[in-house]
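Written below as structure tokens is the structure these notes are about.
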């Protein structure tokens, strides 16, 4: 009910009958929110009796009205979702209007109002159909103490709780919220508890009389008030007394207990109180006993159960139990799952669940979940379940029988075939039967009878005997057909005789005496039979394997009364006869009656055609027992198929005839006709007459098949194909083929672009075909294009084979590894793996013999007859018979013997070498070789192929004469052999050099004046002895001999080296060494020899090395030399090929490792040079992989000798005899020689990639040259080196500075001035390095770049400096000086100088004074100074492109016409372009590289003309045009750069921009200086420049340079004194150019006119203008100032004339005579600008060309002529004045230095066009 002053609303929602928790709070918040609901202050309470409805009490009425007026209300609950709310006014009008009174009523009045409301409600209850108290308004007072519970007994199952609830509602008139119903199905009772007072008695009466109850037959009664409770969930062990105490405790709400009854199995008890009122207090409390919660419920004895209300009763199910089944019965059930399922279903009826054990007869019974609903059955459940299970078991039975094993073995087969209704099991002589009782009884009788009968049978059999006799089926056949077995059966009728053909046994069974008698008779008969091994062909043998031997024997022998049969045992054929006579007759009959024939089939498709099947099948069916037809078609695709007919002679002949005839008529064949050159194939393709004839013959022709492109493939019937082949050959012989070659650039490319068109046009006009001949390497042809027929065929076949590998193994010699059949391989000679008797009966030999025909075996037999057997390791040669080769070499390899490995390897190598030698003796060019000895001779494959390849390598390395063999084919089948060959070749030739480095071209070792060959860690002496460094243990050495280090007591267990030998070789090595040392005085230097025992080496040389004595090293060295020399000598005497030396003496004997390495290599080389070696081929230095010190020492020594420093001692510095060593060229582009102790090297390359202590940079006086090599060095070294240069350049120096190495691979960089004396600069470098203790120097060709010095002079100066350095002092540090040259042509100058001095002594030294006197005398006598040779121009890579065409036609005339047409076409496509611009001479490294790149990319050739300083491009027109554009772009860039540099020079004369770095003023370079000045004059705010290779932004208003990182420098502008503007110039008013027209009265006018008229008086002067160009004037004055300072008192300036045309005037007025104007009209005296002394020279029309108005123009020019000399057309700059100083040049050149009339100027700013004369005729 609402509180005072409230206005209620009812709220329902979509939450259902069970509202969620905290819903009231959510509703409270919602209805208090004006925004959400329109509400305000309120209170939410649940609606009494209806938990799903709530009442909201508002204070103001208008708030409630607002809520009602809002249409939709939704409560959004994030966790629960959104609930739809329904808001209603209360149905009670009084309650709804209660608010009108509420504001004035007191609490007492409110109470009164409530009572009135109740009363009013009571009055109205009879009128309200919805009222819940319709029949309870008059509750008698006597009913107030009566129980409010009614029990409905006899409750049917169909009456649900809902039905009962409706019934109670209908009878009582109360809603379901006013009473509770509890149904207990176990007791068929329901209890109704009323929440409100009601007349119970009347209700019971109404129930009984109600019509519904009459149908339901309920028995309602008043449920008494109880004083008993049921306590559940009792802890174990609680008894009645403890419970009595517990419930009498007042704290538990209890009272006096009358009685306690416990039920332990249910963990429950009944407690009866003396007073029933105690139940209210007990039930109101929560109870726990020993911390275990107790459940307490009222118990009604009349019902026999407690009432649990909303709680569920705690029901404890009984425990499970087990039953046992007889094991047989359990197994029976396991086999019949359906019976288990039936039993399970039957037991479920008594609430049981069964679990059947899987391992024994146990059965577990558990209560089912349904038992919970049948509490009355719980107590008797186990007893009931056991009874049901016993009833089920009684339906099944088990029977046991005692049976012995023998009986069971007999009867089990009968029992196993029975049905599955019973289980029959035998175990431990007991037979068990289980199943249903009736089935078991039926089976028991049968088994009992079976056991009795079987037992009796066994008893009888014990008295009998069974024997077996081993007889083959054939002999049994003879016994049977001879009637022998039939007679035995008649004589012994009770005996059982049987034969098992599979086991090949005859079984006898009967009485003991009879069996023994018959067995003896049979054995005697079998032993009397005759037997013989008969040899037949493999085909006949295979036929006999396929047919039934008895049936065939019967058909062969029975008709002739021959009692015989044949038998097959493994691979042997045996004839068995009843007698020797029968045997002889049978053999004769078999050999004559059986035969085989075969047909080779090339067309395998015919064998799978329907026609073939129709032909073969009838024949096979008709003659199935007499003949077989076998098709061998499972071989490789290259091998023809074979049809083999085998069987009886008559049938074989008939079948062969028919099949051969069919195949000849239906078989298609292919024939490839080799055509050379392949161009003829293209010609034949166009021959329509030929194609027509081939088509008529029904032959298909395929030109240039993929697998054989140089051939024609004909396919068709065999006879027709052969006819067409002859036809093709006739045409091939009649055609004409010619080759045409041209070296013009791009011909190949332009022809390929339109190849199809050109070929079509040539065919149309001349009837010829043309082919662009590809490179020889691409076609795989020899260079001369002519090969012998055999080689051609071999090469052709390569394309058809699986080529695993191809390798060049010697100059002009190729090695191939193929997977191929040797019997079909076309080469000059084939190697056959033969046996000693040359009998080719198996393997490869048999295949070759078969393919060659009988003549091969005949010739081999004759060879053996005449010369005896061929011993292993030897080879003989024979003809090839029908093989596709000229010869066959029969190589007899060794048979593998594991205990004689070295001997086998030696013999194998020997036979390979002999085979190669035989091939070359017979002038063979190609040879095919198999894996000799790897087949039936059992040689391990990997070892075999490795030694074959090794022998081939040795053959070509050591045989120096010309080889006829050009191709070696290593052929292997199957593929694994070819793969093994390929791996062996890769391993053996992995360190191979190019052709130029093969032994035939090897150079000698440096100490002998030559250079050794280098192959990894390999040296080769001049005599061919290989010296190899091998990192491997001595145990793995494979040399013929090996050296061991031992102590004088000969004990091998001392020292790690000898221990390693002993461990591998075994104790026998120690025994041999001890025997070898007997009677010998063993001391230092002693050498003892033994075999290798288990080592891979044949011999071991045991040496006693000397200890190292530092105070007497000469003694140690002498003994070690003798040891090495004696070991080498012994190896040669024993005819051994190789020896290995470990690092003997370098361990415990402390021999210095570097000293030993140097000593032993030197001794081996000396031995090689002083002895003519016959067998020794290789010396190995064997070093353990972990012996790093020795490896390093030997590696260093090898590197020294490979790098050209092999001398054992450096010559002394003071030794002037032979100071220059021999000149050698160890690698392409490198020359070297020793100058005293210094190794001097010259090579082309990139200096910044060199590794040295010092790198030399050739630069300018300011040490900031940024072009050419100097630029590369500075950029490579990095910014720090550049900064260091700029700082050191400002300090005093001696013509060079030393900086750090920066990022280059050196310690320091020495910067020298390239324009200075080169010899002096190099001397300074040498002295500096010697003082710094540096050993290696790397320098460029100083002065040949920017300084433009003569390369020949530079080369001479560098070598002179080194010579002088060596002579004047003892050199200690410097060991190597290397000159790295960028321009390849300069290398020749150095080579010529070195070659000139090779092996010569140094010239005698002259004192400087003497030199000076001599030069003065020469000058006094008038000898001219030696003229300086011209500077060499840039040399490009020479590009040579040869293009070869082949033309084929029907005759010579048509071919010649085609070639002429082609030549004309090439000429039309070619274009030539020449540029002789002076800027070509300024091409630098970058332009050189770009030109080479252009030449490579385009189809052109570029040539530089050094004399004319021009560049010429030739090639295809479009590519020449592209190249022209590129070159002109390069020239333009250079010209612009020069102009820019000239402008920068000019600006630097009057202004200098500087920055301050660490209080030091630094000047910007001239280009940056110009950039800043231009920006400053343009009044720009800022500009970006570089300082220390980093971008800085210069603010021109604050003069501050700032880097992106914030670093700043102060910048300042310093103005120098500018050249003054002439005083007579007119005011220009800020104009940059002004032309002032002079008046005729001006002195200037008269001065110019007078000079002009001296030689041009016949011309009329229209006007003379003064040209005022301040910028041009200042540059000119700056140049003049520089020249005046340089030349001293020489008059440097002249006024000269220059005629020009009108179009050039604006350019000349603005920019003067710069280089773009040079050579425009003349080049007779150099490529410059020409000026005349006389005006008449310039006035001619050639120079001053008249314009359209007839006006001519001439400048009167100020020219700085300075020092001049005679010029020539080749000059692009003035020549040098001083040969010793190439940088000192003349200023100008003239036509006559005595009386000049013309001057040629080469530089910008050297002239100023002061006056312009306009004149006419």
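Backbone N, Cα and C atoms are what each Cβ position is placed from, and that goes for glycine too.
Taken from Swiss-Prot as is:
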BINDING   1034-1035, 1045, 1057-1060, 1145-1149, 1187-1190  glycoprotein 2 binding site
BINDING   1246, 1247, 1258, 1269, 1343, 1344, 1345, 1346, 1347, 1382  glycoprotein 3 binding site
COMPBIAS  104-125  compositional bias 'Basic and acidic residues'
COMPBIAS  774-795  compositional bias 'Acidic residues'
COMPBIAS  1197-1215  compositional bias 'Basic and acidic residues'
DOMAIN    802-989  domain 'Macro 1'
DOMAIN    1014-1202  domain 'Macro 2'
DOMAIN    1227-1398  domain 'Macro 3'
MOD_RES   33  phosphoserine
MOD_RES   1419  phosphoserine
REGION    87-141  region 'Disordered'
REGION    774-801  region 'Disordered'
REGION    1197-1221  region 'Disordered'
Just name the winner among 33, 1058, 1246 (the recorded positions) by count of other CB atoms within 10 A of its CB.
1058
Counting Cβ atoms within 10 Å across all protein chains shown, which of the binding-site residues 1034, 1060 comes out on top?
1034
Fewest C-beta neighbours within 10 angstroms among the binding-site residues 1045, 1148 belongs to 1148
Arithmetic mean of per-residue pLDDT over the domain 'Macro 2' (1014-1202)
86
Cα separation, residue 1246 (glycoprotein 3 binding site) to residue 33 (phosphoserine) (Å, whole number)
90
Find the one among the binding-site residues 1246, 1258, 1343, 1345 whose C-alpha lies closest to that of residue 1045 (glycoprotein 2 binding site).
1246
May I ask you to report the DSSP-based helix, strand or coil state of residue 1045 (glycoprotein 2 binding site)?
strand
Using a 10 Å cut-off, grab the number of neighbouring Cβ atoms around the Cβ of residue 1345 (glycoprotein 3 binding site), all chains included.
23
For residue 33 (phosphoserine), the three-state class that DSSP assigns:
coil
Could you state the whole-number distance in Å separating the C-alpha atoms of residue 1258 (glycoprotein 3 binding site) and residue 1034 (glycoprotein 2 binding site)?
54
Going by a 10 angstroms cut-off between Cβ atoms, which of the binding-site residues 1146, 1258 has the sparsest surroundings?
1146
Nearest of the binding-site residues to residue 1187 (glycoprotein 2 binding site) by CA-CA distance, picking from 1246, 1343, 1345?
1246
Rounded inter-Cα distance in Å - residue 1148 (glycoprotein 2 binding site), residue 1343 (glycoprotein 3 binding site)
56
Of the binding-site residues 1246, 1343, 1345, the one whose Cα sits nearest to the Cα of residue 1058 (glycoprotein 2 binding site) is 1246
Sparsest-packed of the listed binding-site residues (1187, 1189) - C-beta count within 10 angstroms
1189
Considering Cα atoms only, can you say which of 1034, 1060, 1146, 1189 is the nearest neighbour of residue 1345 (glycoprotein 3 binding site) among these binding-site residues?
1189
Taking the Cα atoms as reference points, how far is residue 1343 (glycoprotein 3 binding site) from residue 1146 (glycoprotein 2 binding site) in Å?
51
All-chain count of other Cβ atoms within 10 Å of residue 1343 (glycoprotein 3 binding site):
26
Quick one: Cα separation, residue 1246 (glycoprotein 3 binding site) versus residue 1189 (glycoprotein 2 binding site), in Å?
33
